[in-house]
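**Q** Can you keep this structure in mind? I'll have questions shortly.
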Amino acid sequence: MTTPALLPLSGRRIPTLSPGASSFPHHRATLRLSEKFILLLILSAFITLCFGAFFFLPDNSKHKLLFHASFSSSGKHDGNKWAFMEEEESLRDKIRADHERALQEAKEKLRKSKEELKAEIQTEKTKVVEDLKKKDGPKPLPPVPMPKLVGVSDGDPGDSDTKEKRDKIREMMKHAWDSYRQYGWGHNELKPIAKKGHSTNIFGNSQMGATIVDALDTLYIMGLHDEFKDGQEWIEQNLDFSVNAEVSVFEVNIRFIGGLLAAYYLSGQEVFKVKAVQLAEKLLPAFNTPTGIPWAMVNLKSGVGRNWGWASAGSSILAEFGTLHMEFVHLTYLTGNPAYYQKVMHIRKLLAKMDRPNGLYPNYLNPRTGRWGQHHTSVGGLGDSFYEYLLKAWLMSDKTDTEARKTYDDAIEAIERHLIRKSNGGLTFIGEWKNGHLERKMGHLTCFAGGMFALGADGSPDDKAGHYLQLGAEIAHTCHESYDRTVLKLGPEAFKFDSGLEAVAVRQNEKYYILRPEVIETYWYMWRFTHDPKYRQWGWEAVQAIDKYCRVSGGFSGVKDVYSSNPTYDDVQQSFFLAETLKYLYLLFSSDELLPLENWVFNTEAHPLPVLHLGNITLPGSETQR
């Protein structure tokens with residue numbers, strides 16, 4: 001999962017005063033304005049009354065003419081003339097009463113304070129908005145066949161030792177959840193030391209309960225159903241996307257839409273599907289760019305999008321706009337709305353037409369010009385999940401999306417040629433390509449690639465399945481070394497392979513561990529494909545280290561230096577710790593029957609989505625399924 005560098009939100013604009021202007025209004029001027037306002041209101045009420053009287057009260061001369069005409073007409077109308085006169089009199093009384101009531105209401109309004117009038121106006125506005133919501137409320141979603149769901153619970157590993165370890169991981173999940181429930185409920189994340197809510201600018205300034213949505217499927221597969229119900233109730237009553245908040249399209253897609261869709265498929269509860277679709281509709285304006293490459297951020301209320309200020313010359317980021325396919329295909333499947341599928345396929349087609357330096361995809365693309373930004377290629381942060389989603393698009397389509405598979409294979413071939421190297425000590429690593437040079441540094445985020453290579457081994461071109469499974473094992477080994485060579489037995493954020501140092505962080509700002517899942521994710525995939533017991537052993541080492549050094553009374557916290565025996569905490573319990581790290585650990589110590597990979601594909605936030613066995617069904621907006 002990519003987590004781009006976070007920047008502080010821009011400050012509020014404060015109105016400036018012209019030189020010499022007083023910062024407070026003159027009191028007498030205020031009084032004059034108030035008096036004029038009251039006089040104008042009285043005058044307007046009087047004019048309204050006069051006009052009403054002139055136009056609506058019956059004219060006496062006309063009445064006399066009508067009365068005279070009725071007497072001079074034939075006798076057969078004699079019986080109606082008195083009824084006509086009574087009706088005229090009744091109408092006149094009604095008009096007078098209406099005008100008197102209007103005048104009385106105007107007088108009452110004038111007696112009210114400015115605050116009371118404002119409150120009344122606001123109440124009326126709210127009522128109008130609510131009425132419109134009822135009128136234009138969400139249309140019911142079309143019924144679609146539920147994909148075949150296999151292995152959504154249990155996964156008993158069989159032997160008592162493995163079961164005991166799995167129970168320990170479940171207990172850690174309960175501690176993380178209960179702490180969040182007690183100290184940060186409704187906030188996006190938790191500060192476990194300060195014991196209060198926490199949020200970052202990827203979620204805007206709103207309390208969207210990111211941890212609740214991200215943790216739901218983990219709670220479900222662990223059998224923590226009371227906790228799941230609490231989360232569901234909060235979502236039903238509080239999760240509202242009509243907020244004035246600028247959010248990361250990528251993060252909200254993988255955590256919220258992915259989390260809600262997974263919760264829907266696992267539990268069958270419609271509320272999760274409805275909420276996922278409501279949020280997805282709010283993300284669509286981000287695609288309103290000259291190229292169709294979405295902005296990094298979008299305001300959920302206004303639909304206005306923009307890119308991160310730090311990204312190369314206003315570019316969008318490969319791992320962000322390239323990590324939408326899984327969720328958007330499911331949205332089209334569930335809603336019948338072709339827009340989601342078309343948006344992601346447009347991105348794929350645009351990228352297919354572009355020249356790629358050395359066959360590599362740069363991390364930056366300008367959404368206005370459609371040109372690459374800085375030539376920086378990474379399988380870690382800024383690039384990672386783009387490659388992951390090419391492979392998973394193929395898997396999720398029941399291996400019918402051969403275009404996605406071919407694009408993945410070509411990309412991996414270029415990565416092997418230019419980025420993958422062996423260190424002097426024999427460790428296989430994936431470096432970063434920067435302006436024609438290879439930087440011999442690997443990030444914790446890049447460690448997910450071991451699992452990706454193993455997952456994509458079956459179906460590789462030229463009978464390379466064995467090669468890619470071996471490559472996955474080598475990456476897993478390197479990443480385990482990055483953990484094993486620290487004091488805490490937890491991996492640093494990034495580690496180098498030069499100057500005699502291998503798999504070790506050099507800079508202070510790369511020595512932290514923020515409860516990341518990527519290494520454990522690779523252990524799990526390698527376990528599923530090989531059943532080599534070392535992967536469970538390495539996973540258990542991580543469990544013990546996290547429980548010993550990251551656990552605090554208020555939850556779990558990241559640490560700032562994995563090479564220090566007395567580390568300081570960063571005081572953040574990341575939502576992905578519950579969504580990914582603990583889920584992958586639990587699956588590592590479960591049987592393969594729990595969420596089998598033939599039936600489920602995990603998004604980059606570890607939210608399982610079912611394989612769509614579409615057969616002859618065609619997704620709305622797509623060409624005939626190959």
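Backbone N, Cα and C define each Cβ position, glycine as well.
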**Q** Choosing among Cys479, Cys550, which residue does TrEMBL name as bonded to Cys447 by a disulfide?
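**A** Its disulfide partner, as TrEMBL records it, is Cys479.
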**Q** Asp384 (active site) to Glu251 (active site, proton donor): how many Å between their Cα atoms?
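**A** Asp384 (active site) to Glu251 (active site, proton donor), Cα-Cα distance: 14 Å.
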**Q** Do me a favour and check the Cα-Cα span between Thr604 (Ca(2+) binding site) and Cys447 (disulfide bond); whole Å is fine.
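**A** Thr604 (Ca(2+) binding site) to Cys447 (disulfide bond), Cα-Cα distance: 13 Å.
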**Q** If you count Cβ atoms within 10 Å of each one, which of the active-site residues Glu251, Glu493 comes out on top?
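**A** Selected residue: Glu251.
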**Q** To the nearest whole angstrom, state the Cα distance for the pair Cys447 (disulfide bond) and Glu518 (active site).
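**A** The Cα atom of Cys447 (disulfide bond) is 6 Å away from the Cα atom of Glu518 (active site).
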**Q** Tally every other Cβ atom lying within 10 Å of the Cβ atom of Asp384 (active site).
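**A** Its Cβ has 27 other Cβ atoms within 10 Å.
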**Q** Whole-number Å only: compute the distance from the Cα of Glu493 (active site, proton donor) to the Cα of Cys479 (disulfide bond).
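**A** Taking the Cα atoms only, Glu493 (active site, proton donor) lies 11 Å from Cys479 (disulfide bond).
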